[in-house]
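As given in Swiss-Prot:
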type: TRANSMEM; residues: 16-36; note: transmembrane segment
type: TRANSMEM; residues: 58-78; note: transmembrane segment
type: TRANSMEM; residues: 92-112; note: transmembrane segment
type: TRANSMEM; residues: 115-135; note: transmembrane segment
type: TRANSMEM; residues: 146-166; note: transmembrane segment
type: TRANSMEM; residues: 173-193; note: transmembrane segment
type: TRANSMEM; residues: 224-244; note: transmembrane segment
type: TRANSMEM; residues: 253-273; note: transmembrane segment
type: TRANSMEM; residues: 290-310; note: transmembrane segment
type: TRANSMEM; residues: 319-339; note: transmembrane segment
type: TRANSMEM; residues: 378-398; note: transmembrane segment
Amino acid sequence: MSPSESDDAINWKRNLIVAWLGCFLTGAAFSLVMPFLPLYVEELGVTGHSALNLWSGIVFSITFLFSAIASPFWGGLADRKGRKIMLLRSALGMGIVMILMGMAQNIWQFLILRALLGLLGGFVPNANALIATQVPRNKSGWALGTLSTGGVSGALLGPLAGGLLADHYGLRPVFFITASVLMLCFVVTLLCIKEKFQPVSKKEMLHVREVVFSLKNPRLVLSLFVTTMIIQIASGSIAPILTLYVRELAGNVGNIAFISGMIASVPGVAALLSAPRLGKLGDRIGPDKILIAALIFSVLLLIPMSFVQTPWQLGILRFLLGAADGALLPAVQTLLVYNSSNQIAGRIFSYNQSFRDIGNVTGPLMGAAISANYGFRAVFLVTACVVLFNIIYSWNSLRRRREPQVLG
């Protein structure tokens with residue numbers, strides 16, 4: 001996918017920097033409220049251990065569920081109206097919803113607002129689509145890998161900042177601070193992102209069937225969507241049991257929260273280091289090779305996690321797993337760029353986001369169910385089997401793909 005001369009004039013490198021900053025701010029904004037979400041649910045009147053766990057799970061998951069539903073609509077609108085306006089819509093919409101969340105008076109209002117947050121989201125997939133349609137094809141892996149580190153960085157710093165802010169100012173003010181971060185993202189995007197987009201009338205838009213027929217390899221694209229979902233399932237399945245597993249490994253120690261936080265964070269740090277480098281390597285040797293190698297590496301790391309005896313052994317393995325994970329989504333996104341045209345980029349990336357959100361909902365449910373029935377260690381083995389299935393499925397799809405042609 002080669003950019004036009006007008007894209008060169010736009011300066012895609014500057015757009016990449018600004019989009020990275022936007023992904024960082026939205027990633028931080030989303031994760032700022034995560035550390036105290038159950039506490040806020042309790043403040044809104046939910047009492048009792050079981051009810052609190054249930055409502056905390058519902059308000060967490062509903063955002064991803066509604067994001068999965070809304071993403072294709074926003075992707076189609078981005079292909080018609082442009083990606084910059086979708087970035088602005090997302091940042092502004094989420095900022096307003098965050099303000100309203102800070103004013104919620106009961107759990108039902110909060111639940112509706114969490115659903116609305118999912119409906120109005122979509123900054124990251126539209127940022128991916130914007131950069132993918134402007135960057136030279138031979139730099140796609142590096143550019144998308146670099147862009148992915150923005151959201152990861154924000155998600156790493158957000159919980160730390162959110163916890164500190166909640167301790168100093170209380171729970172509700174953090175929502176207003178989060179809204180101000182999103183408004184800053186809106187202003188930066190408005191002033192600094194440049195896009196020359198020719199709006200397409202609704203009549204000229206390709207319908208879903210035509211989108212599928214326009215793909216060089218629909219089967220491969222579908223397999224990439226499934227891969228995205230499984231990546232998130234594998235990541236999310238471990239999240240609900242990580243702290244409890246660390247406690248089981250550590251025994252009676254006083255700083256279990258600190259140890260758990262460190263082990264939870266190290267994959268993100270590793271992904272920050274690996275994503276641009278492996279993306280650049282993918283530009284040289286092919287993102288398909290990077291994808292398969294990273295998936296195999298993930299399986300080889302997940303299996304021993306089930307047999308570790310100390311938290312530090314788990315931490316080392318999770319750091320290495322994070323390095324592999326840093327290559328996965330950028331490799332998928334680069335392959336999507338190679339196998340679709342600029343005309344449908346918004347929808348392709350939004351469909352991919354929908355599968356990612358489905359994985360975000362499914363993963364924690366799977367992990368919780370397995371651990372409840374078979375114990376913590378079984379979660380890692382089952383997750384390894386799921387990723388192994390994905391290796392076989394992806395390998396088969398990549399092996400059958402046609403010779404790539406440049407579209408766009």
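Note: Cβ is positioned from N, Cα and C throughout, glycine not excepted.
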Taking residues 6+ outside the transmembrane segment (253-273), which of them lie with a CB under 8 Å of any CB in it?
148-149, 152-153, 155-156, 239, 242-243, 246-247, 311, 314-315, 318-323, 325-326
Chain residues outside the transmembrane segment (224-244) and at least six past its termini with a C-beta under 8 angstroms from it:
256-257, 260, 263-264, 291, 295, 298, 302, 325, 328-329, 332, 335-336, 339, 351-352, 355-360, 362-364, 366-368, 370-371, 376, 379-380, 382-383, 386-387, 389-390, 393-394, 397
Quick one: do the transmembrane segment (16-36) and the transmembrane segment (173-193) have at least 3 Cβ pairs under 8 Å, skipping pairs fewer than 6 apart in sequence?
yes
The answer for the transmembrane segment (378-398), taking Cβ pairs under 8 Å and residues 6+ beyond its ends, is 219-220, 222-224, 226-227, 230, 233-234, 237-238, 241, 288, 291-292, 295-296, 298-299, 302-303, 305-306, 366-367, 370-371
Quickly jot the same-chain residues contacting the transmembrane segment (319-339) by Cβ under 8 Å, restricted to those at least six beyond its ends, or write none.
1, 128, 132, 137, 140-141, 144-145, 147-149, 152, 215-217, 220-221, 224, 227-228, 231, 235, 266-275, 278-279, 282-283, 287-288, 290-291, 293-295, 297-298, 301-302, 305, 345, 348-349, 352, 401, 404
